[in-house]
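Feature list (source: TrEMBL):
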type	residues	note
ACT_SITE	Asp80	active site, proton donor
BINDING	His81, His178, His208	Zn(2+) 1 binding site
BINDING	Asp102, Glu132	Zn(2+) 2 binding site
Amino acid sequence: MLVSMNYLLSVAQKNKFAIGAFNVADSCFVRAVIEEAEACQAPAIISIHPTELSFLTNEFFAYVVKRTSNSPVPFVIHLDHGGSFDDVMRAISCGFTSVMIDGSLLPYEDNVALTKKVIEAAHPLGISVEAELGTIGSTGTSVEGGVSKVIYTDPAEAENFVTRTGVDTLAVAIGTAHGIYPKDMEPKLKLDILADIVNRVNIPLVLHGGSANPDEEIVSAIEIGIQKVNISSDMKAAYFDKCREILSEHEWWDPNVIYPDCIVAAKEVIRTKMKLFNSIDKVDLYHQ
Ligand SMILES: [Zn+2]
């Protein structure tokens with residue numbers, strides 16, 4: 001079933017687990033996420049960055065909407081890092097049930113104003129809105145970008161932002177970065193900042209750049225109060241590692257021969273993350 005982010009994450013918040021938001025870039029990744037979510041009985045978020053939306057084209061989402069609507073597992077189709085009001089409107093017209101508007105690089109008051117404008121358009125349609133405060137770092141290996149230095153979310157500002165905008169979920173910057181970390185760079189989360197934010201706001205919180213952080217840190221963040229963790233690089237790397245391996249060994253050219261094992265490789269990462277987020281076997285909580 002296709003549900004709003006509000007509903008999906010409210011159950012996670014009540015039951016203290018988190019849900020993976022997996023960035024899909026083609027139908028192979030859509031299949032990997034949906035089929036693994038069904039196998040694990042785990043709710044999941046299909047996340048699409050504007051660059052991925054451009055690559056897939058609007059019509060592709062008729063398939064994603066139909067496939068998720070026909071499943072007993074709850075899914076959200078979510079716009080990741082919407083950069084403008086137009087990005088958001090395009091996603092809504094494609095059937096997305098949640099949008100992110102990322103005004104984190106704007107001056108604070110402009111971020112508030114843009115988020116409010118998106119909420120005024122999205123909420124009457126039953127669509128949830130995620131915003132971002134502070135800046136997620138960049139490792140230089142992801143299309144999502146980011147900045148080279150992380151600016152941590154200010155907990156008092158988060159409280160002010162949530163009160164003034166009425167946003168549904170908030171991406172917080174607590175030391176993660178998009179992409180896969182170089183070998184000499186060790187990611188470290190500031191969990192004390194997260195705890196302070198959790199004490200001040202009641203809405204579900206989002207961790208971006210969740211690939212490659214130590215598992216214990218992710219588990220601690222979920223225990224403190226993260227309900228959505230974005231995963232992109234880990235899953236895509238496993239898929240294309242397998243793809244490179246197959247193509248280096250065979251002269252194959254048929255997608256149906258090459259890609260199934262790549263999908264399996266992506267699914268293994270998805271299952272590992274679902275286990276880590278404690279979202280496996282949670283579907284029954286949505287049918288009560
Ligand atoms: Zn992100």
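Cβ atoms are placed via backbone N, Cα and C, with glycine included.
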Per DSSP, His178 (Zn(2+) 1 binding site) is which: helix, strand or coil?
strand
Whole-number Å distance between the CA of Glu132 (Zn(2+) 2 binding site) and the CA of His81 (Zn(2+) 1 binding site)?
9
Which secondary structure state does DSSP assign to His81 (Zn(2+) 1 binding site), in the simple three-class scheme?
strand
Taking the Cβ of His178 (Zn(2+) 1 binding site) as centre, how many other Cβ atoms lie within 10 Å?
24
Among Asp102, Glu132, His208, the binding-site residues in the record, which have a C-beta under 6 A from ligand 1?
His208
Do you know which of the binding-site residues His81, His208 has the most other C-beta atoms within 10 angstroms of its C-beta?
His208
What's the CA to CA span in angstrom from His208 (Zn(2+) 1 binding site) over to Asp80 (active site, proton donor)?
10
